[in-house]
Amino acid sequence: MLLTVLSWLCLLLLLLCVSGGTVPEAEVKIEVLHRPFLCHRKSKYGDIMLVHNEGYFENGTVFHSSRTQGDKQPVWFTLGIKEVIKGWDKGLQDMCSGEKRKLIIPPALAYGKEGKGIIPPESTLTFIIEVLEIRNGPRSHESFQEMDLNDDWRLSKNEVKEYLRKEFERHGYPPNDTLHENMMEDIFAKEDTNKDGFISSREFTYKHDEL
C-alpha cells in the first residue's frame with residue numbers, strides 16, 4: 001500500500017500549491033476494540049469480508065444493527081470497490097478475522113450533504129464492526145477470460161485497469177484513475193509472481209495458502 005500512500009501525499013501537496021492554503025482531509029477515527037492473538041491474514045482491497053455491524057448517530061441512537069434487524073445475518077461485501085461507504089473502505093483495511101473496531105466516520109466519508117434514508121445530511125456516524133471472515137475475491141477462468149481482452153491468456157496492467165473501471169461503473173460510481181492505478185499496482189505486486197509484467201492464467205487462478 002506504499003504506492004497508495006505516496007500517491008495521495010503527492011495529490012495533497014499539489015492541491016496545497018494550487019490553493020495556497022490548507023486542504024482539510026476527512027479521516028476515519030479508528031479504535032480497535034478487540035484483536036485476536038493469532039492473525040493469519042489481514043484484509044486488503046479486493047478481499048470479500050463477512051461482518052456484523054451496528055450504526056449509531058452522534059447522540060448514541062442506534063440506526064442499524066445486523067444482529068437484531070432484518071434477517072439478523074452478517075453481511076458480505078468486497079473491500080475497496082465502493083460497495084460500502086468510503087469510511088468503511090478506509091477503516092476496515094488491515095483487519096484480522098475476529099477483530100472488532102469502532103469507526104467514527106465524518107459526513108464526507110459517509111452520506112455527505114444529501115444523507116440517505118433515515119440518515120440526515122451532514123451526519124457523523126459511528127459503527128461497531130466485527131469481522132467474522134475474510135476471503136480472497138472470486139477467481140475463476142470465466143472472470144480471467146472477461147479481463148483478458150486480447151485472448152492471449154495473460155493479463156496486462158492496462159487490462160486490469162480497464163476491468164477495475166468497468167467494475168466501478170457497474171456499481172454506479174465514476175472512474176477514478178488514481179485509485180485504479182494504485183489498486184492495479186498492488187494487485188501486480190502480489191499476483192505477478194515471476195515479475196514479468198503480466199499475470200498469467202495460472203498466477204490468477206492458483207489457490208494461495210491464505211485461502
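Here the Cβ of each residue, glycine as well, is placed from N, Cα and C on the backbone.
Annotated signal peptide per TrEMBL: 1-20, in sequence order. The annotation domain 'PPIase FKBP-type' is assigned in TrEMBL to 46-135. Taken from TrEMBL, the feature domain 'EF-hand' applies to 135-170, 179-211.
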Average model confidence [pLDDT] within the domain 'EF-hand' (135-170): 80
Tally of residues which DSSP labels helix, strand or coil - the domain 'PPIase FKBP-type' (46-135): 9 helix, 36 strand, 45 coil
